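Trainee: My questions all concern the structure below.
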Amino acid sequence: MTKNIHDQRILILDFGSQYTQLVARRVREIGVYCELWSWDVEEADIREFNPDGIILSGGPESVTEENSPRAPQYVFDSGVPVLGVCYGMQTMAEQLGGKVAGSNEREFGYAQVKVSGESAIFKDLEATQDVWMSHGDKVVEIPADFVKVGETDTCPYAAMANEEKKYYGVQFHPEVTHTKGGLQMLENFVLGVCGCERLWTSESIIEDAVARIKEQVGDDEVILGLSGGVDSSVVAMLVHRAIGDKLTCVFVDNGLLRLNEGQQVMDMFGDKFGLNIIKVDAEERFLEALKGKSDPEEKRKTIGHVFVDVFDEESKKLKNAKWLAQGTIYPDVIESAASKTGKAHVIKSHHNVGGLPDDMEMGLVEPLRELFKDEVRKIGLELGLPYNMLYRHPFPGPGLGVRVLGEIKKEYCDLLRRADAIFIEELHAADLYDKVSQAFTVFLPVRSVGVMGDGRKYDWVVSLRAVETIDFMTAHWAHLPYDFLGKVSNRIINEVEGISRVVYDISGKPPATIEWE
């Protein structure tokens, strides 16, 4: 490796926008490392991080309010290029001597920015830009050493620049796909203005992670809880590439997995990739612990506690394991840090965000803790994991434990597994699987009268659920073709003995959640 992939870096200060993580993902897509910190970070931390550029995010506050967030003064004293986005532009303008005012006209949605003059931020872009706005306040007077470089019909200063100091502000959101030239604008800032190189690639991330794992664990042995999900699977491949047979994976089959999932995990990681895997068949133990429990939160906690107990028991059998590998990813770190400190800046600390016992007396190996989910999937492909596994729809940690409503019984899980497998199989066959964001089946603990041949039956009901979403914060129910739904329903009722009725969930989020429990 010729250059350290962390040497060139962008700092993003978070003012609370729902799009802030998207800004970070876009910078990473461009090929440059970045971190996301809270707006009120200490000057010493910025100095230590030594960024090549700083981006001030959007946010829900109003600069006109007395105690609203402000960028640390050092941001403007550091000599580093700065890009302010939406609220970030407003606080930049106000802090550097301009004026911001509230507006009676809130600008939300599409707008056309007329680019004026020549600015590095709009290099190689047309004079009119379709952008995405989301603001109430607006800059009404720019600082003395700035020039206007963009406007809309209702926003006189949609973009401003101080080319000498390399300060730029845009009132719109370049990070969202609705802003057609947004990625080019971010590239212009990150690569052009800040002078960064594209060092952050899937290949370089893997090379860096493998080197760091080797340096961290040396000749010690490592244990990993392998679930077959995206994160733990990619961790398994990375750690195995670094230390080979010194990695032992523990796969706990809790009886709450999808059809044949346990065997698929063993076939792929044991037979195909040659990893050391211990399979623990703990179905009876989980079902016994869940007996009589119908409250969703109680079920979740029970499943979590039993998993920890089982994993702890297995880890103690591996006397030489000194390290625990986990699939912690960057959003976990941000969320965990924010909940503990109110700030999103603790990427270097190694707190346990995975819920495993604090007394395990093992060091943590977390090779994905700097990565977003889309980056994890990309390096998974590079490591040889199959596309259909990496891009599978999300599956909840408690598994079928939250897709069987009420009390969990083996009979219910077995019926649900088979019904769900039919639904997913038909989605693939109809080329619909990748057109929906998440699809699954839910077991309802109610019986319904049905007719089979000349006889009547009184059997269980399942609900099909399919949604379309960008961020899983909001979702629309998927308008699947009636003929398709009819085919799935007929197959389930005819092929899964014990189910007499199939319904389709047409609830959006909000008001409903995506999962039923």
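From the backbone N, Cα and C atoms, a Cβ is placed for every residue, glycine too.
If you look up Swiss-Prot, you'll see 9-199 marked as domain 'Glutamine amidotransferase type-1', on the strength of sequence analysis. What Swiss-Prot lists as active site, nucleophile is CYS86, and the listing cites sequence analysis. As annotated by Swiss-Prot, active site applies to HIS173, GLU175. Residues annotated as domain 'GMPS ATP-PPase' in Swiss-Prot, with sequence analysis given as evidence: 200-392. Taken from Swiss-Prot, the feature ATP binding site applies to SER227, GLY228, GLY229, VAL230, ASP231, SER232, SER233, supported by sequence analysis.
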Trainee: Counting across all protein chains present, how many other Cβ atoms fall within 10 Å of the Cβ of SER232 (ATP binding site)?
Mentor: 21
Trainee: If you count Cβ atoms within 10 Å of the Cβ of HIS173 (active site), leaving out that atom itself, what do you get?
Mentor: 24
Trainee: Return the single residue from the binding-site residues list (GLY228, GLY229) that has the minimum number of other CB atoms within 10 Å.
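Mentor: Each of the binding-site residues GLY228, GLY229 was scored; lowest Cβ tally within 10 Å is GLY229.
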Trainee: Out of SER227, SER233, which of these binding-site residues shows the lowest number of other CB atoms within 10 Å of its CB?
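Mentor: Ranked by other Cβ atoms within 10 Å, the binding-site residues SER227, SER233 bottom out at SER227.
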Trainee: I need the CA-to-CA distance for GLU175 (active site) versus CYS86 (active site, nucleophile), whole Å please.
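Mentor: About 11 Å separate the Cα atoms of these two residues.
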Trainee: If you average the pLDDT over the domain 'GMPS ATP-PPase' (200-392), what number do you get?
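Mentor: A mean pLDDT of 89 is what the predicted model shows over the domain 'GMPS ATP-PPase' (200-392).
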Trainee: How many Å lie between the Cα of HIS173 (active site) and the Cα of SER227 (ATP binding site)?
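Mentor: That separation, Cα to Cα, works out to 37 Å.
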Trainee: Take the Cβ of VAL230 (ATP binding site) and count every other Cβ within 10 Å, whichever protein chain it belongs to.
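Mentor: Around VAL230 (ATP binding site), other Cβ atoms within 10 Å: 22.
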Trainee: May I have the list of same-chain residues other than SER227, GLY228, GLY229, VAL230, ASP231, SER232, SER233 whose Cβ is within 8 Å of the Cβ centroid of the recorded ATP site, in sequence order?
Mentor: LEU226, VAL234, VAL235, ALA236, GLY327
Trainee: If you draw a 10 Å sphere around the Cβ of ASP231 (ATP binding site), how many other Cβ atoms fall inside it, taking every protein chain shown into account?
Mentor: 19
Trainee: For CYS86 (active site, nucleophile), just count the other CB atoms lying within 10 A of its CB, please.
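Mentor: CYS86 (active site, nucleophile) is surrounded by 26 other Cβ atoms within 10 Å.
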Trainee: With H, G and I counted as helix, E and B as strand and the rest as coil, say where DSSP puts SER232 (ATP binding site).
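Mentor: Looking at the DSSP assignment, SER232 (ATP binding site) belongs to a helix.
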Trainee: Rounded to a whole number, how many Å is the Cα of GLY228 (ATP binding site) away from the Cα of CYS86 (active site, nucleophile)?
Mentor: 40
Trainee: For VAL230 (ATP binding site) and CYS86 (active site, nucleophile), what Cα-Cα distance in Å is obtained after rounding to a whole number?
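Mentor: The separation of the Cα atoms works out to 34 Å.
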